[in-house]
Amino acid sequence: MAPRGWRRAPLRRGVAGGPRVRRLMRPLWLLLAVGVFDWAGASDGGGGAARAMDEEIVSEKQAEESHRQDSANLLIFILLLTLTILTIWLFKHRRARFLHETGLAMIYGLLVGLVLRYGIHVPSDVNNVTLSCEVQSSPTTLLVNVSGKFYEYTLKGEISSHELNNVQDNEMLRKVTFDPEVFFNILLPPIIFYAGYSLKRRHFFRNLGSILAYAFLGTAISCFVIGSIMYGCVTLMKVTGQLAGDFYFTDCLLFGAIVSATDPVTVLAIFHELQVDVELYALLFGESVLNDAVAIVLSSSIVAYQPAGDNSHTFDVTAMFKSIGIFLGIFSGSFAMGAATGVVTSYVTKFTKLREFQLLETGLFFLMSWSTFLLAEAWGFTGVVAVLFCGITQAHYTYNNLSTESQHRTKQLFELLNFLAENFIFSYMGLTLFTFQNHVFNPTFVVGAFVAIFLGRAANIYPLSLLLNLGRRSKIGSNFQHMMMFAGLRGAMAFALAIRDTATYARQMMFSTTLLIVFFTVWVFGGGTTAMLSCLHIRVGVDSDQEHLGVPENERRTTKAESAWLFRMWYNFDHNYLKPLLTHSGPPLTTTLPACCGPIARCLTSPQAYENQEQLKDDDSDLILNDGDISLTYGDSTVNTESATSSKMPWIGSLHLETMNWSFEEHAWFFQWMIPNPH
């Protein structure tokens, strides 16, 4: 109506000053034209704003739907763990040992994975449009120009041609597939740390030489035996036309390193419950703890093998020695970093009063321990090795500085995290069998892998046991050897190493086969542990703390003489210097360091060191040291103590030995008075 009114205005008669009025109306016409164009533009802009608002609403709905799906996926794993815990209680209540909790978690994971893969189908979304374009490579990030707006798309992985119409189902399965880094950075650290933190050092160090031989030399032997056998299988597959991609000898060695990582958690749990012979438990547990660390460093060294020239898979002596150097460098660097973090934590807990605030003390201990793994990974070392030795160092030093409440808290905390993480991984293993979309199962490779792991384990255990028995007075019996051969289960570490890289055909085949190996060993060997113990006539019901009570003195001395001589030397140094330096335990540094170091010793010795009334030796050293191995240095004099005595040595706060200028005879009289003759 307004435009018509404006058009009629000039035709009206009898208006005074008509030409002047027309001149005045011209600016109004211009304003009207501008207004009309502005209105048209506003109408068009309003449509664009409406479209933008619609896109925002759709985006919010998609984000909300994605959030709900992620919550449902996590709820699946929580329910799996809950169901596993309830079933574990039922098994323990019924005293059923034919299936361990880890095997049970895998079964539940398999059932849920089966339902997700074949029982649930997500309806297609009309907003999903599949466009195809041909490029020469698969970039990790794509920038797509849609009507002048740029959108970023991230590569999620390769899918087969027959799955193009199941995009929504693929997306659902991909949602329940975790990033492999989640296993290494979140789930593995508490498992490995707890293994070191809960280590029974007394039995571990009594068998230190044998454990190191099995863990280092045995793992290397197993890796090369498995790698060689698998290379023969791969060659056979090439001849028969069963190989659809490249598979080199280095890939076979990598597979050997992956499946050489033993994880007898099922067997060890049954051992602990039945109280199996502590020597067998120490050998198997010690080997498995260090074996994981060696396997992961060995796999990193194999991946780093790069000969000179165009072909990176030929044998080259220089590249081989470089890989050996990388192995030694990574292992030693990771060891040093883990021990250093433990030392720093012990210093902080020693020279601060955090023990007055137990929550802060526990929080600091937890964060320092976990950060060791991430620090080592960030520096290019191996976090598994670092966090393992950090756990051992924390248990040996920092634990003594913690308050009683924090000591209980840290043990219970890491025990809980270890339990949840371990069962989560085994549940996820069962789930992955159906949700992983790039499985490559080859019967020849699978059969060859099972044969290879048995031969590799046999080449590890039997020849090394024969050699070790030449230098051991307490021989590793044939029944122990058979049990160690039987207990070579594969578990969380082998799975984590295999799933970390599944980009190539060879890696996908290795991952699928590793999954089958873990299932078989956990279910068959883990379930048959009790029967095997009975068949091999291995002692059960042995209390490790009461094991040597009532043993004749000559046998106790023989047991001490069999201890690792290197550890006996180390313990003397540790007891006199490191323990007083890093903890409130042991003799004060003012009594063990020379007189010239008096100011430094007084600065580094805490007041609690004078007040603590502790044993002259650590409990863990019992039955390890020979008589006279502990030598306490006071000024210029050294006093050897007999390990047969278990009397307590009170370091009375008012009695500062560094202020007493005693002679050696007075020292001897003092010890005769404080430690009565047992005879």
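Just so it is clear, glycine is given a Cβ too, placed from its N, Cα and C backbone atoms.
TrEMBL labels come from automatic prediction, so no person has curated them.
Owing to the predicted nature of the structure, the values given are computational and were not obtained by experimental measurement.
Under the heading signal peptide, TrEMBL lists 1-42.
Feature annotation from TrEMBL assigns transmembrane segment to 74-91 (among others). When Cβ-Cβ distances below 8 Å are used as the criterion, the transmembrane segment (74-91) is approached by residues 97, 99, 101, 104-105, 108-109, 112, 176, 420, 423-424, 427-428 of the same chain, each at least six residues removed from its ends.
Sequence annotations record features per position, and here TrEMBL assigns domain 'Cation/H+ exchanger transmembrane' to 84-534.
If you look up TrEMBL, you'll see 103-120 (among others) marked as transmembrane segment.
Taking Cβ pairs closer than 8 Å, the transmembrane segment (182-199) reaches residues 285-286, 288-289, 292-293, 369-370, 373-374, 377, 383-384, 387-392, 394-395, 410-411, 414-415, 417-418, 421-422, 424-425, 492-493, 495-496, 499-500 in its own chain, all 6 or more past its ends. Annotated transmembrane segment per TrEMBL: 182-199 (among others), in sequence order.
According to TrEMBL, the feature transmembrane segment maps to 211-231 (among others).
Feature annotation from TrEMBL assigns transmembrane segment to 326-348 (among others).
Residues or ranges marked as transmembrane segment by TrEMBL: 368-392 (among others).
Look at TrEMBL and you will find 413-434 (among others) tagged as transmembrane segment.
Look at TrEMBL and you will find 446-468 (among others) tagged as transmembrane segment.
Under the heading transmembrane segment, TrEMBL lists 480-499 (among others). Panel annotation: around the transmembrane segment (480-499), residues 102, 180, 183-184, 187-188, 191, 214, 257-259, 261-267, 277, 279-280, 283-284, 287, 292, 295-296, 299, 384, 422, 425-426, 429, 432, 453, 457-458, 460-462, 465, 507, 510-511, 514-515, 517-518, 521-522, 525-526, 528-529, 532-533, 536, 538 of the same chain, lying at least six beyond its termini, place a Cβ under 8 Å from a Cβ of the stretch.
As annotated by TrEMBL, transmembrane segment applies to 505-526 (among others). Within the same chain, residues 99-100, 102-103, 106, 244-248, 251, 254-255, 258-259, 266-267, 270, 426, 429, 432-433, 436, 438-442, 445-446, 449-450, 453, 486-491, 494-495, 498-499 sit at least 6 positions outside the transmembrane segment (505-526) and bring their C-beta atoms closer than 8 Å to a C-beta of that stretch.
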In the same chain, which residue numbers or ranges, 6 or more beyond the ends of the transmembrane segment (413-434), come under 8 angstroms Cβ to Cβ?
-> 77, 80-81, 84, 101-103, 105-114, 116-118, 176-178, 183, 186-188, 190-191, 193-195, 197-198, 265, 362, 366, 369, 491-492, 495-496, 499, 515, 518-519, 522
Within-chain partners of the transmembrane segment (211-231) [C-beta distance under 8 Å, separation at least 6 from its ends] = 204, 249, 252-257, 259-260, 282-283, 286-287, 289-291, 293-295, 298, 445, 448-449, 451-453, 455-457, 459-461, 463-464, 467-468, 484
Cβ-Cβ under 8 Å with the transmembrane segment (368-392): same-chain residues at least 6 beyond its ends | 184-185, 188-190, 192-197, 199, 201, 289-290, 292-293, 296-297, 300, 330-331, 333-335, 337-339, 341-342, 344-345, 348, 414, 493
